[in-house]
Amino acid sequence: MSTAITRQIVLDTETTGMNQIGAHYEGHKIIEIGAVEVINRRLTGNNFHVYLKPDRLVDPEAFGVHGIADEFLLDKPVFADVVDEFLDYIRGAELVIHNASFDIGFMDYEFGLLKRDIPKTNTFCKVTDSLALARKMFPGKRNSLDALCSRYEIDNSKRTLHGALLDAQILAEVYLAMTGGQTSMTFAMEGETQRQQGEATIQRIVRQASRLRVVFASEEELAAHESRLDLVQKKGGSCLWRA
């Protein structure tokens with residue numbers, strides 16, 4: 001029997017906003033960090049939560065998502081004040097983040113602004129993207145945090161606005177359900193039933209080949225498009241271009 005200790009930190013951030021073009025974090029700041037410690041699949045209660053003064057205004061669109069006002073942040077610490085405590089908390093752990101590129105991008109950007117030669121997060125933490133995992137488990141389905149809560153029957157009724165600590169706590173429950181195996185049989189059977197039903201009812205129509213040339217997006221273009229939609233959906237709660 002293995003006695004190895006597995007330490008995971010389920011993490012979420014809220015920010016002043018994001019860029020639609022270029023690096024999504026450039027010129028923006030983290031204003032809230034919420035993190036939940038999980039050791040050997042048990043929530044320990046050793047959480048990390050802080051609000052941060054960004055020294056810039058919160059974009060109206062971002063305020064509409066998380067409801068964190070500029071006035072509320074005026075007396076909060078800046079990132080430099082908490083960075084050492086934060087690094088001590090996450091160092092060596094596996095970070096579980098929904099759409100990890102968003103939060104890791106911001107974290108590495110904030111580290112870089114300090115001019116302290118702090119290395120990239122993925123050099124001292126393993127990073128697991130729960131959104132990527134969900135897409136592998138449920139291809140073609142909605143895999144936002146709210147959608148996963150509904151799928152796994154996890155209560156998210158308190159999530160009227162996005163908040164980093166609440167979202168991290170909810171994601172911890174979702175991730176444990178996704179990786180715990182208790183409900184995997186149900187969803188596997190559900191998917192197999194749907195597949196079999198689909199095979200029985202789909203009628204295939206043979207069409208004559210079209211003379212029109214069809215131009216497909218390259219793999220790089222598709223990846224860039226999906227990455228941008230991920231960012232929109234993570235911070236907006238929904239995405240018009242996804243069903």
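Using the three backbone atoms N, Cα and C, a Cβ is placed for every residue, glycine included.
Site annotation (Swiss-Prot, ligand substrate) includes ASP12, GLU14, GLU61, HIS66; from ASP155, ASP167, the additional listed residue is ASP167. Neighbour count (other Cβ atoms within 10 Å of the Cβ, all protein chains): 21 for HIS162 (active site, proton acceptor). Listed in sequence order, ASP12, GLY34, HIS98, LEU145, ARG159 are the same-chain residues six or more apart from ASP167 (divalent metal cation 1 binding site) with CB atoms under 8 A from its CB. Neighbour density for GLU61 (substrate binding site): within 10 A of its CB lie 11 other CB atoms from the protein chains shown. Ranking the binding-site residues ASP12, GLU14, HIS66 by how many other Cβ atoms lie within 10 angstroms of each Cβ puts HIS66 at the bottom. Each residue in THR13, GLU32, GLY34, HIS66, HIS162, GLY163, ALA164, LEU165, LEU166, ALA168 lies on the same chain as ASP12, GLU14, ASP167 and has a C-beta within 8 Å of the C-beta centroid of that divalent metal cation 1 site, without being one of the site residues. GLU61 (substrate binding site) falls within a helical segment according to DSSP.
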